[in-house]
Amino acid sequence: MLARAERPRPGPRPPPVFPFPPPLSLLLLLAILSAPVCGRVPRSVPRTSLPISEADSYLTRFAASHTYNYSALLVDPASHTLYVGARDSIFALTLPFSGERPRRIDWMVPETHRQNCRKKGKKEDECHNFIQILAIVNASHLLTCGTFAFDPKCGVIDVSSFQQVERLESGRGKCPFEPAQRSAAVMAGGVLYTATVKNFLGTEPIISRAVGRAEDWIRTETLSSWLNAPAFVAAMVLSPAEWGDEDGDDEIFFFFTETSRVLDSYERIKVPRVARVCAGDLGGRKTLQQRWTTFLKADLLCPGPEHGRASGVLQAMAELRPQPGAGTPIFYGIFSSQWEGAAISAVCAFRPQDIRAVLNGPFRELKHDCNRGLPVMDNEVPQPRPGECIANNMKLQQFGSSLSLPDRVLTFIRDHPLMDRPVFPADGRPLLVTTDTAYLRVVAHRVTSLSGKEYDVLYLGTEDGHLHRAVRIGAQLSVLEDLALFPEPQPVESMKLYHDWLLVGSHTEVTQVNTSNCGRLQSCSECILAQDPVCAWSFRLDACVAHAGEHRGMVQDIESADVSSLCPKEPGEHPVVFEVPVATVGHVVLPCSPSSAWASCVWHQPSGVTALTPRRDGLEVVVTPGAMGAYACECQEGGAARVVAAYSLVWGSQRGPSNRAHTVVGAGLVGFLLGVLAASLTLLLIGRRQQRRRQRELLARDKVGLDLGAPPSGTTSYSQDPPSPSPEDERLPLALGKRGSGFGGFPPPFLLDSCPSPAHIRLTGAPLATCDETSI
């Protein structure tokens, strides 16, 4: 079902008055969640955030009833089609989403297979066919593979009819057995290259070229030095033309995390790595038969924020391919810490030429007596160099294919697949490090700005279903926007780009996001401050638009966002001045909520006021007679400043503080006297009732001859005196006092809820969020 939500209309603003009478002796504590107002926030913090209520108008959703796990996405630009692999189903949707009914293939698991799956100890929800691979074979057919209730199957689909999966065959070694197993696959030259596990238990990892019969595949050796409990992330192909080497071979790169065999501590250390094989590899004639002779791997280093320590888990890797002739691709990876409780995400960029340089460097040899790796000396490396693709220079040496390589070369590469040096990120450090967001997926594309300069824009999917849009400026990523994607938090499982649209797959749906939605930026300053390479302010249209390379009458500033020099001075919007009545000495927090987390804010207050404490949520003021007056929060970004919030601090009912204090004291004395009088009358009535009951008992004793002067045996005497008040009751004279069925003197409509602690009174119906009586 396709659905497009309408843009929500803003409701009426609340009146700028307090809808309740000022309290007599309560401290008014203002507290809201807002952007920081003191200090400079890092660019890893999103500049703006759109909750689901605002973001929903920019999203288009697709979901089929009773269908889940929309995790496999494939975009076919030629046919403008998005293929979606879900649980037991495959869909074909026209791009961009337009409401057209999608085509669907149901690829169900027979009940006999499901019974066998359950007999193997698997849960009912696991015994389905989770689609894991979708790949374009040619213009007429797709290849697809699914888990098929822990018995992987593969088949082809005729895209013109799109009715069923045909020519089924075993998918073992191509597709994982369950969706929780990380895998990767890529099609190169009509051939499928995969990285997955080969057995039911998931203990035999394999990187293979799946052509023909399984026994004829070229695959990795079953040695822990080759692959040691890997979690595969991505697979990518680079052609020789992208290297500028027309005589070379296609190279397939696999990105994964595996357990290190080098024991630097008592814990199992996870290491992110990249491996490479050559498309023309035929294996060895005797040694490494049906095995890769070009398999090399190296560490990927993405230093963490603490002591330069590398992040140990690779979560995702995206490839950004420039236009033909505009340079080599670049890889963007998301890294996280392997240690529980360390919520660290880092984004690093890697250049293919840096990876190739490491693969051409020294090998590492693992010394079994010390469990540490040492570099192999150059004079110990045989010739021709092990692990190289067969190129023209090797053919000149009579090595026409890998089948003609000598055994000493094959033996060396079998025993030394790991390189000694790591691959460092471009610029030597991460582009982005955050300690409060868990990134799971990434895609990237290159956008040309109004000036003609190109910028890389990254889309980062989070663990709780948010989308962060970031632009790379120099050696830093600046997170421009946080977009909530789903009504309920859920991980982002897959992402694909199609022109100006981003397709996001999750457990419950596929979401289409417009990546060039400039129209929501309503003013010149908002358009410039957004720093979006796609958007520019048009003076002719008086709107923020996607510039599409047009320069006339448009302005944009990606790196400086200098509003003051590009935009005309906009009429200032003065916020409503909220009057804040206070009645006793205490602390008041005045909120300041700028629209941008990157804005720097200052407070203007009455002269002579010094008892002020800037906070992340506003300004804390110590209430004194000298603190009364006007307060304003002014925020600046891009050279433009405006007042965000304004307050007037006054004594409760516009009377002087001394008269107010006298009134409070007088009211307190009157209340105390009335309380004493009421207590005396109550005790008198209780005494009279007890006396009358005693007289009736004495008369009854005279009649039956019983002595009620002492308690009967087996009972305990007790006193009828009222219990003394508890210390908690004595702390809360205001909370216990009621007037007009209200609480603490406030009428019932402004009571929010019962307080978890009787020392806190919560109010509603006004910008005063919290009253804390314990601060009085």
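Positions of Cβ are set from backbone N, Cα and C atoms, glycine also.
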Among C518, C567, cysteine joined to C535 by disulfide in Swiss-Prot: C518
Swiss-Prot annotation, disulfide partner of C348 among C175, C278, C302: C302
Disulphide pairing with C117 per Swiss-Prot - partner from C127, C145: C127
Chain-internal residues, separated by at least six, CB under 8 A from C544 (disulfide bond): C518, G519, L521, Q522, C524, E526, C527, A530, C535, A536, W537, S538
Separation of alpha carbons, C278 (disulfide bond) and C633 (disulfide bond) (Å): 62
Cβ-based isolation winner (fewest other Cβ atoms within 10 Å) among the glycosylation sites N69, N138, N514: N138
Other CB atoms within 10 A, centred on C518 (disulfide bond): 19
Between C348 (disulfide bond) and C278 (disulfide bond), the C-alpha gap once rounded to whole angstrom: 25
Spatially closest candidate among C145, C278, C592, the listed disulfide-bonded residues, to N138 (N-linked glycosylation site) (Cα to Cα): C145
N69 (N-linked glycosylation site) versus C127 (disulfide bond) - Cα distance in angstrom: 13
